[in-house]
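Here is what Swiss-Prot records for this protein:
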INTRAMEM  1-19  intramembrane segment
BINDING   29-35, 71-75, 130-133  GTP binding site
Amino acid sequence: MIALFNKLLDWFKALFWKEEMELTLVGLQYSGKTTFVNVIASGQFNEDMIPTVGFNMRKITKGNVTIKLWDIGGQPRFRSMWERYCRGVSAIVYMVDAADQEKIEASKNELHNLLDKPQLQGIPVLVLGNKRDLAGALDEKELIEKMNLSAIQDREICCYSISCKEKDNIDITLQWLIQHSKSRRS
């Protein structure tokens, strides 16, 4: 009976309450940030993606949640912008190319440098290891270890292994993000 009441209440809320959240998507170049945005926006994977120059902003609506998503370029010249676009967001999404093990150390260093910024303290982080469909890609446990995620103690942090190409774990990623938009406001 209570479960039925909760479902009815959720349906009623969806009719009248619209939720908004703001996310910043960062990570090294070619990790799949723009591809991720396109997959969650349209469900389409495009093999021929052009690297983001500077930043792109896109609004995506999923159910009663509108997501304002900042996709920031991952080339070295744009990394100084990451902090500015991460201030005040509901969550930071950090994309890692899990199949490019040569860049894991650089990716780890960039993530930890970003999270050391005082103005970003407490903002939840979702680390996504993309390209799990490729041979040799790190799984979640390996990503947590190689990215030294257990050392991050001042905020909630979560890690998923995904494939934008195969659309693996995209739904669970969105669920985590939407849940976070709710928990940050309560």
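Yeah, the Cβs are placed from backbone N, Cα and C, and that goes for glycine too.
Known features from Swiss-Prot, placed on the structure.
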residue : record           : DSSP class
Gln29   : GTP binding site : coil
Thr35   : GTP binding site : helix
Ile72   : GTP binding site : strand
Asn130  : GTP binding site : strand
- Message: Let me spell it out: for each of the binding-site residues (Gln29, Thr35), count the other Cβ atoms within 10 Å of that residue's Cβ, using every protein chain shown. Which one has the most?
- Response: Thr35
- Query: Out of Ser31, Asn130, which of the binding-site residues is least crowded by other Cβ atoms within 10 Å?
  - Reply: Ser31
- Message: Taking every protein chain in this structure into account, which of the binding-site residues Lys33, Ile72, Gly74, Arg132 has the most other Cβ atoms within 10 Å of its Cβ?
- Response: Lys33
